[in-house]
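Chemist: Copying in the features that TrEMBL gives for the protein in this structure:
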BINDING   C207, C210, C222, C225  Zn(2+) binding site
DOMAIN    7-93  domain 'Ribonuclease PIN'
DOMAIN    197-268  domain 'Nin one binding (NOB1) Zn-ribbon-like'
REGION    261-297  region 'Disordered'
Amino acid sequence: MNKIEHLIVDTAGFIDKAPLQDFGVNIHTIQEVVNEVTNKRQKTDLSVLPYTLNIKTVFPEHIQFVVDFSKKTGDYPNLSVTDIKVIALAYQIHKENYGIDGLNAEPISKSVVFEKPQVNESTVGFYDPDRLSDDVSELDIDDGWITENNIKDINKSNGDDLTEQEAKVGCITTDYAVQNVLKQIGLSIIALDGRVIKEVRTYIRRCYGCFTLTSNMTRLFCPKCGNKSLKRVAVYLDENGKQCIYINGKRPLNLKGKKYSLPKPQGGKHAVNPRLVEDQPMPHQRPSRLAKSKTNALDPDYTAKLSPFATKDVYSKSAMLGFKGSVQKQWMKRNPNESNKKCKK
């Protein structure tokens, strides 16, 4: 097996305990990936690695490139901050060592025709009763089964064994959205147990109320009817070059937030209300002046956190409400109409 010169690892590489030293020569990751490993056993394995793990810092211009690229492919809403930084790190290492020749700056639209798959008579791993005849020997019978001796050849023929490709920079991940962006940029993907995409796709949003299409994946509400009824669909070009959409009828619509009645609207600068329309005025959730003075180092009354004269804000409205940057949403609970009181057993 040919090792990759630079291997970028996602969280799945550490969780699945993949032998990364067999895949790459130089192993790279980011600090956010290491922070996602919270299991005690996984932390122990991470502290005694049989290879050197390089923690890298991603430059802002590379993060912005991945953000703009993922918005054009339609995968931006499904990517976390850690996923974007992992893709940006792979792009950064490829740019620093081998340049950007061979990498795509824009997603390439390809003509894809969805056809019904045909069943192959000689599919490996399936039982064929017609082959059991008197003139068939037992080598012939075992020829169609998956064994320990032919599993590597079968994975290679199906395209699942991507580690034997001659690639200099690769990323090991099981997230399909990350793989879709990596493949469209032109970066190599390392498969774990065959969990890799076979083709790239571009996504847009479609309103299932008025059937309006929009390519802005950051929108929450339909630009025509104004309802929160946008759904992600795959877009492709047919053999005539016409843009078509692929709607998965088997996937039901998300009924989250439509089962219970809406909570009573609240007022005030620290109100937390569900966003129902796009132009709904939302509170800024600003902290108090005392909280701002603790973080502003240029303030004349600034005191360090370890100072014995540091003050703690306990009397302002935001402190009494427990506002620390994120407010617990009542309607996100199992039943938004249940009581907020917590009884002690």
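One-based numbering along the chain as shown.
Positions of Cβ are set from backbone N, Cα and C atoms, glycine also.
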Chemist: Which one of these binding-site residues, C207, C210, C222, has the sparsest Cβ neighbourhood, judged by other Cβ atoms within 10 angstroms?
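Modeler: Output over binding-site residues C207, C210, C222: least Cβ neighbours within 10 Å is C210.
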Chemist: Using DSSP, what is the helix/strand/coil residue split across the domain 'Nin one binding (NOB1) Zn-ribbon-like' (197-268)?
Modeler: 0 helix, 20 strand, 52 coil
Chemist: 10 Å Cβ neighbour count around C225 (Zn(2+) binding site)?
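Modeler: If we count other Cβ atoms within 10 Å of C225 (Zn(2+) binding site), we arrive at 13.
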Chemist: To test your reading of the Zn(2+) site: which residues beyond C207, C210, C222, C225, same chain only, put their Cβ within 8 Å of the Cβ centroid of those residues?
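Modeler: Leaving out the recorded residues gives G209, F211, T212, P223, K224, G226, N227, S229, L230.
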